[in-house]
Amino acid sequence: MDDNKAKALAAALQQIEKQFGKGSIMKMGDAEIDEGIQVVSTGSLGLDIALGVGGLPRGRVVEIYGPESSGKTTLCLQVVAEMQKLGGVAAFIDAEHALDPQYAQKLGVNVGDLLISQPDTGEQALEIADMLVRSGSVDIIVVDSVAALTPRAEIEGEMGDQMVGLHARLMSQALRKLTANIKKTNTLVIFINQIRMKIGVMFGSPETTTGGNALKFYASVRLDIRRIGAIKKGDEVIGSETKVKVVKNKVAPPFREAIFDILYGEGISRQGEIVEMGVAHKLVDKSGAWYAYKGEKIGQGKDNAREFLKANPEIAQEIEAGIREAASTNVIKPVKAAKAADA
């Protein structure tokens with residue numbers, strides 16, 4: 001760049017910083033920019049690896065969607081529990097008015113410190129979310145769910161009134177306001193969404209999510225969660241086998257998948273994942289129904305192997321470290337919680 005251009009650029013940058021504040025524009029190579037992405041674990045080893053950075057990125061919008069009873073709220077509560085373990089502050093905006101505090105507690109959530117709001121309208125819910133984000137003191141906000149964010153005009157109107165596009169406009173306006181503040185305050189905002197069917201679709205998937213297209217664009221990560229099977233102990237169903245596909249990922253390669261078990265009243269089975277992924281990466285040997293690690297049997301059947309790892313956490317950690325290494329993914333440990341560390 002010649003001297004005249006360099007001087008003109010320096011003057012423009014100085015004017016921008018004077019008008020909009022220091023840090024409003026800078027070079028990507030400047031030391032002030034944090035190169036590492038701060039993340040929080042999802043509570044699932046396989047999903048952390050599938051996300052490519054070791055968890056969900058902070059300072060971003062995340063959308064988790066799927067059919068009913070697929071594990072959307074369970075996954076979000078696991079992320080809340082992981083953030084609280086780091087000393088972070090969590091808020092849950094329960095637009096569905098369906099949060100069970102006892103279930104949340106079983107998943108490891110400190111319900112005594114969890115901020116909860118059960119708003120009357122969609123505008124109120126999103127305004128509360130925006131105020132919490134702008135405060136800079138909340139590390140994670142979960143909105144459950146986009147489908148339940150009913151516009152005020154719809155609530156005040158009559159049954160059967162045509163309210164075309166109201167919901168989509170509400171989401172679009174809210175996300176325009178939220179996004180910049182989310183980045184500045186490094187807050188992770190998770191929107192839970194439901195699936196609807198488009199009528200008359202001949203080709204492609206007829207499934208779509210509620211709330212228009214704005215969330216699809218603003219979300220840095222979109223997760224599609226599905227229940228693919230039941231886990232039984234005898235005739236009793238004790239959990240569900242769950243598959244999560246990373247449909248969109250702005251921080252790592254997308255389209256990776258993770259399969260894990262969600263046990264009722266317990267949440268994501270970390271030990272079950274370690275057993276399955278240990279076998280997949282040849283760290284755990286499987287012969288018939290028996291599982292063995294370093295030549296020693298750890299259990300007959302997956303349930304017994306899971307219980308063994310629960311009773312021997314040091315062995316579980318050793319296998320987990322081997323899995324992370326074998327996955328050869330640049331997994332960032334979710335300890336870079338600047339605000340949480342200051343708390």
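Backbone N, Cα and C define each Cβ position, glycine as well.
Annotation source Swiss-Prot lists ATP binding site at Gly66, Pro67, Glu68, Ser69, Ser70, Gly71, Lys72, Thr73, citing sequence analysis. The C-beta environment of Gly66 (ATP binding site), restricted to residues of the same chain at least 6 apart in sequence and closer than 8 Å, consists of Lys72, Ile195, Asp224, Ile225, Arg226. DSSP classifies Gly66 (ATP binding site) as strand under the three-state reduction.
All protein chains considered, the CB of Gly71 (ATP binding site) has 23 other CB atoms within 10 Å.
For Ser69 (ATP binding site), the count of additional Cβ atoms within 10 Å of its Cβ stands at 10 [all protein chains shown]. Listed in chain order, the residues near the ATP site other than Gly66, Pro67, Glu68, Ser69, Ser70, Gly71, Lys72, Thr73 are Ile225, Arg227, each with its Cβ within 8 Å of the site Cβ centroid.
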